[in-house]
Amino acid sequence: MRAQPPPRTLLSLALALLFLSMSWAKRGCSSSSPKLLSQLKSQANITGNTASLLEPYILHQNLNTLTLRAACTEHPVAFPSEDMLRQLSKPDFLSTVHATLGRVWHQLGAFRQQFPKIQDFPELERARQNIQGIRNNVYCMARLLHPPLEIPEPTQADSGTSRPTTTAPGIFQIKIDSCRFLWGYHRFMGSVGRVFEEWGDGSRRSRRHSPLWAWLKGDHRIRPSRSSQSAMLRSLVPR
């Protein structure tokens, strides 16, 4: 019996397949909003999984104890809440996601300083590539809105190294702060995925129940009353 690959390997393969279209996004945007929405939902749900980045970070930095895990998850770095995201219009939601992921992309670039050999933590660079792919799709989805969303075309930004500060925290505190940031990032992406799910459900529901949709579908359940029919006929009879 052949051994099954570990979960992390399966997740890495899934991520590689899902974000394979990243290089194509730079060549042009898809004109299919359902296709883009499907990709965005999948991307958000997968990156919302802590196994894609937080869990490898915890293991790599020796934070895998109940106390240290609690320190990571009890005080996450603040990201836009799910309630706030639900209240935004579609253009504002896309703009918020695009800007927030830009901040995450730069912050993950600063994480490089924690790893003398970046190949020791390949999940970090993979996560940054995935974020760039999501931002590309957000940009493409924004182009399909009417009026289109004004966000800059995605480009390869700088290396993302952080500027030196006057009071540098200790190594252990840097690890805890980074862990909190990653936990907040995963929670944010989970919220983004759930909002995108509602986009699909809400658009179909509102379209089916709209008066215009009923008229286009020839809904004959709503008929004028007999009195209104008689009045209309009398108005058509020449006098």
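Including glycine, each Cβ sits where the backbone N, Cα and C put it.
The disulfide bond annotation in Swiss-Prot covers Cys29-Cys140 (among others) and is backed by similarity to another entry.
All chains included, 22 other C-beta atoms sit within 10 angstroms of the C-beta of Cys179 (disulfide bond). Mapped onto three states, the DSSP output places Cys179 (disulfide bond) in helix. Among the features that Swiss-Prot reports, disulfide bond is placed at Cys72-Cys179 (among others).
Per Swiss-Prot, signal peptide is recorded for 1-25, and the stated evidence type is sequence analysis.
Here the disulfide-bonded residues are Cys29, Cys72, Cys140; the one with the fewest Cβ atoms within 10 Å of its Cβ is Cys29. In the three-state DSSP reading, Cys140 (disulfide bond) counts as helix. Secondary structure from DSSP puts Cys29 (disulfide bond) in coil.
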